[in-house]
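Chemist: For 17-37, 67-85, 105-122, 129-150, 226-249, 294-318, 351-369, 376-395, 407-425, 446-467, the entry in TrEMBL reads transmembrane segment.
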Amino acid sequence: VFAGAIPECHPTISPRMYHACMAPVSLAVILALSFLVKRRRLQRGCWNGVPGLLSPANFLEEDGSRGVAVAVFGILFTSLCQLVLDKDPLPFVSPSSPSTREYWKILALFYYPAFYFPLLACATARHRLGYLAGSLLAWGHCLVLLWQTAECPLAPKPPRIHGFVPVSLKIPGRGYYRKYLKAVLSKRCRMGSSMKIEESLWSRIRSYLCSYVYIPEEGFRIPLTLVVSVAMAVIAVYQVALLLLVAFVPNIQIVRAGMTKDVVVLLVQFGVVPSERPAVPGDMESELRTARHYLWSLEVCYICSLVLCCLLTCAALLRTLVTHRSNLKALYQGAVLDVFSKAQILRPSREAIVCWISFASFQAAFACLGLLIQQVIFFLCSVAFTFLVVIPLQAGTGSPLFGIIRNMWPFWLTLVLAVLLQHLLAHSQFLERHSLRKEITNRRALSVLAFLLFPTNVLVGVMAGVWRVVISGLYNAIHFGQLDISLLPRSAENFDPGFRTYCHYLRVEVTQCHPLVRAFCCLLLSPGHPEPPAPPRDTRLEEGLQLTHPECPAAGRAQPRRLRARWWVAYTLLHNPSLAASRKTALADPTANGTR
């Protein structure tokens, strides 16, 4: 449907009325729920610590509802996309002039987060009234948007209704720290064969494809901020792809439908459309069909390249989940060099906090820019391949590319033969194989060959340089949206803002959300279990033995001490698995250390 064919529609509940009614209700809900939360630092003795500050989500905890956070962030990002394209940024403000529109957009950047803030804050209040208010507020948003969509189904608005349904299902989550600790401590060292099994080509291809699929592991869960960042990146890819599709395809269809013979004559004169008699304009029916076929080919190339870019970007985002898990597991175990290029102490800092705040936003922005860059590159490549290879082969005419290849085939053949000659001589004449090593031989002939082939290798180097530019450009464009890898070498990776943000984000997550430390704190804060009563003493023992028998310490003192001892044993064995064979229980085993 073309943009001009969409009829103008005015719903019963206009956007201005919708925001004018829902904004005061959201403010009232926030003020009411603030009395259910106590302050932690500021004047805690005043009014018994109320009202307090509501939090939209416990991003540094793992007991929140992930679906609610993803849905609300998706709604907020969709509102941002609408804000960029809409002429009236704030719905309750009268139509603004072009000079003041940018100021209203800046104000709207802070209005929409405040407008949807209660949807997440109601869940963190941890009160039945909060869950009830959040559900009613979410269903209110949903019903109004459903009513507007039913009245104006063709209105060009981003889809936001699907996000309010999971928001209304606010079910408080439970922590997984103890499960993670049990999963870590229950793992046994598996003695595997040291022989390397040769895998087939199909097995290697299948394992490579499976590396792009995130399979959940028992006892490990991706942090909430990573889930939100990947979800926002996928929504950003969808929104940008939809915008690119709507901006190009209807216009090219209008141009193709309005193509006339007068325009075709002009294209023939410029040599864009081939003609049998360009100097004598005639019927031009065949040239008109050719011009429309060219425009249709452009449309097909654009759609195919856009689909390919979306698939590549989504595959790269799924791959990041696997990389995030491996990096977090390595840092949890203290393997800093497996993630970072040099050893460092993980601790929060000012820059790390700022990067943690902006990580999800950076992921969505980089995904949008990566999709745009990929679309430009792949569209130009597909157009070049179509008009230089496919269309000339389909029409049976000559192509400039085929002419260049036909005229320069001796040059290409010389380069190929020079490269093959160097490989063959290096294999047969300049490399001497021994049982355990390889040595270079015929060094005089090797020097003579290097001198004689220097001009030829310069031309080969030019071709290799062109290929380096192409492959590096494609690699950087495809992986542009991945923040977990650096597009610069290790010596300059600090100049990559995306990778630097990701590294600082990992520092905050590992230092503040380490599951083993959280499990240890939960064990210390949990109430101690009463110990069973001591067995009766044997009255037949001598009095001296009874007097010197050590008394059991109080249960309240023994419980934290025993927990600390067990914690240090578990932590030591986790970082030093070889010490497991030196434990008392292992040494008491008759099969320990190879003795039977």
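Counting begins at 1 with the first residue displayed.
Heads up, the Cβ atoms here are built off N, Cα and C, so glycines get one too.
Any TrEMBL annotation is an automated prediction that lacks curation.
Would you situate these features in the structure and describe their surroundings?
Modeler: Cβ atoms under 8 Å from those of the transmembrane segment (105-122) belong to residues 19, 22-23, 26, 29-30, 33, 54-57, 68-69, 72, 75-76, 79-80, 83-84, 89-90, 130-131, 133-134, 137-138, 141, 167, 170 of the same chain, restricted to positions at least 6 beyond its ends.
Outside the transmembrane segment (226-249), and at least 6 residues removed from its termini, the chain residues within Cβ reach (under 8 Å) are 66, 69-70, 73-74, 77-78, 81, 85, 158, 299, 302-303, 306, 309-310, 313-314, 317, 320-321, 324, 359-361, 363-368, 371-372, 375, 481.
Long-range contacts of the transmembrane segment (351-369) within the same chain, counting only residues at least 6 positions beyond its ends with a Cβ under 8 Å from a Cβ of the stretch, are 73, 77, 225, 228-230, 232-237, 240, 313, 317, 480-481, 483, 497-498, 500-505, 507-509.
For the transmembrane segment (376-395), the residues of the chain that approach it from at least six positions outside its boundaries are 274, 294, 297-298, 300-302, 304-306, 308-309, 401-402, 473-474, 477, judged by C-beta separation under 8 angstroms.
Long-range Cβ contacts of the transmembrane segment (446-467) within its own chain (Cβ-Cβ under 8 Å, at least 6 residues beyond either end) map to 414-415, 418-419, 422, 425, 430, 440.
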